[in-house]
Amino acid sequence: MKFPKRYAIVLLTFMCTNVCYIERVGFSIAYTVAADAVGTNQANKGMILSMFYYGYVLSQIPGGWAAQRLGGRLVLLLSFVLWSSICAVVPLDPNRVILLVLSRLLVGVAQGLIFPSIHTVLAQWVPPQERSRSVSLTTSGMYLGAACGMLLLPSLVKNMGPQSVFSVEAMLGVAWLLIWFKFASDPPRTDLPKVASKDKMKVQTGGIMAPRTVKIPWARILFSLPIWAIVVNNFTFHYALYVLMNWLPTYFKLGLQLSLQDMGFSKMLPYLNMFLFSNIGGVLADHLITRKILSVTKTRKLLNTVGFVVSAIALMALPLFRTPSGAIFCSSVSLGFLALGRAGFAVNHMDVAPKFAGIVMGISNTAGTLAGIVGVGLTGRILETAKASNMDLTSSESWRTVFFVPGYLCIFSSFIFLIFSTGEKIFE
């Protein structure tokens, strides 16, 4: 049987997010080791780790606009060329603060183009009946990449030094962009899936993008309550994700006196759980919708609510566990159910505005990126404040606020999505 081209596109976007998150987790691991070796304090570490998100937020909406005008395929290529080049040439020296700040800003700008472009590509290729599992598979690449990074990169740092992580990331980025250049394309109509109607065959599109010259309804998008429901949940999702991604290595090291190198397979379980639950959520959502068990709206609200509420409970329980197994269990449950929630808010971009999915994703991901800036930097300040108050960073009290803030946000945003979201198309 012929392998449909749209499946290849989804697989390539999955590989794309995989590589990007290897880069993000890799920098966190490598920089933490290098910074600790020279005595960098927690506030300065938080500042450097958050620089990526300052660049990332700048390119979200421009990335959606560029993907709409130039095509997602080309913009993805340009993104990988830029960030891979930076990883290849920039030295990882915590004492060269200005160089690190500029390089992380530029990497953030480059990677900020990725998700608006991916949503533009998927909106062109994926039909409605495959939407949830395709988006979930694509985004689950983030979590598999994070899991692989947590498993493999600490040993690479230990044996070959922090700089080796940059070299590996650059090679992965170049490898992906060469594959994308060779195999990706815009969809001809003959490659779109066909479904039978009563008396003829018709092409079933996935909400193909509006023509590149069409006027974008900026005002309607910005004042739409269903769009804001997506935006709020994207902010919360990424606040929780980025805090755990950037500060779990520090929590294991300072809070539990554990070395990542000595944790073995267990350190990748939270991200592996995200990979599994993301795909479970996508398949479950498509099943509920295509079998007409629930409407699109009810399906999105159900999965979003369950995912965020369970994640909140696990987050707030995390500092209460003082054993490695307890911390791994709570972080795995929290991140896994957050990923399940993506079958709610994250796919909803393509429900409400399939022709402008890249634009809406750019707006939504801007909020998600602001969460990274706020959450990662604020966590460093929380820990420095605790330290200044003579609190021991090995105690649960020092870390309680770190995990309770995203927990409360998860509960709040789940109610916002329940009240204001819809699964109906509102932008033609």
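Along the chain as shown, the residues are counted starting at 1.
Note: Cβ is positioned from N, Cα and C throughout, glycine not excepted.
Features reported for this protein in TrEMBL:
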type	residues	note
DOMAIN	1-425	domain 'Major facilitator superfamily (MFS) profile'
TRANSMEM	7-27	transmembrane segment
TRANSMEM	47-67	transmembrane segment
TRANSMEM	74-92	transmembrane segment
TRANSMEM	98-122	transmembrane segment
TRANSMEM	134-153	transmembrane segment
TRANSMEM	165-184	transmembrane segment
TRANSMEM	221-248	transmembrane segment
TRANSMEM	268-290	transmembrane segment
TRANSMEM	302-320	transmembrane segment
TRANSMEM	326-345	transmembrane segment
TRANSMEM	357-378	transmembrane segment
TRANSMEM	398-420	transmembrane segment
Same-chain residues near the transmembrane segment (47-67), Cβ under 8 Å, at least 6 residues beyond its ends:
24, 27-28, 31, 35, 40, 75, 94, 97, 100-101, 104-117, 119-121, 216, 242, 246, 358-363, 365-366, 369-370, 372-373, 376-377, 380
At an 8 Å Cβ cut-off, counting only pairs 6 or more apart in sequence, do the transmembrane segment (98-122) and the transmembrane segment (357-378) clear the bar of 3 or more pairs?
yes
Beyond the flanks of the transmembrane segment (302-320) by 6 or more, those residues with Cβ under 8 Å of it:
233, 236-237, 240, 255, 277, 281, 284-285, 288, 294, 326-327, 330-331, 333-345, 396-397, 399-400, 402-404, 406-408, 410-411, 413-414, 417-418, 421
Looking at 7-27, 74-92, 134-153, 221-248, which one has the highest count of Cβ pairs under 8 angstroms to the transmembrane segment (268-290)?
134-153
Output the single range from 7-27, 165-184, 221-248, 398-420 maximising the number of Cβ pairs under 8 Å to the transmembrane segment (357-378).
221-248
Which range wins on Cβ pairs under 8 Å with the transmembrane segment (7-27): 165-184, 221-248, 326-345, 398-420?
165-184
Are there at least 3 C-beta pairs under 8 angstroms linking the transmembrane segment (165-184) and the transmembrane segment (326-345), leaving out pairs fewer than 6 apart in sequence?
no
Chain residues in Cβ proximity to the transmembrane segment (74-92) (below 8 Å; excluding those fewer than six residues from its ends, i.e. six or more beyond):
16, 23, 30-31, 34, 63, 66-67, 99-100, 103, 106-107, 109-111, 113-114, 116-118, 120-121, 162-163, 165-167, 169-170, 173-174, 176-177, 180-181, 184
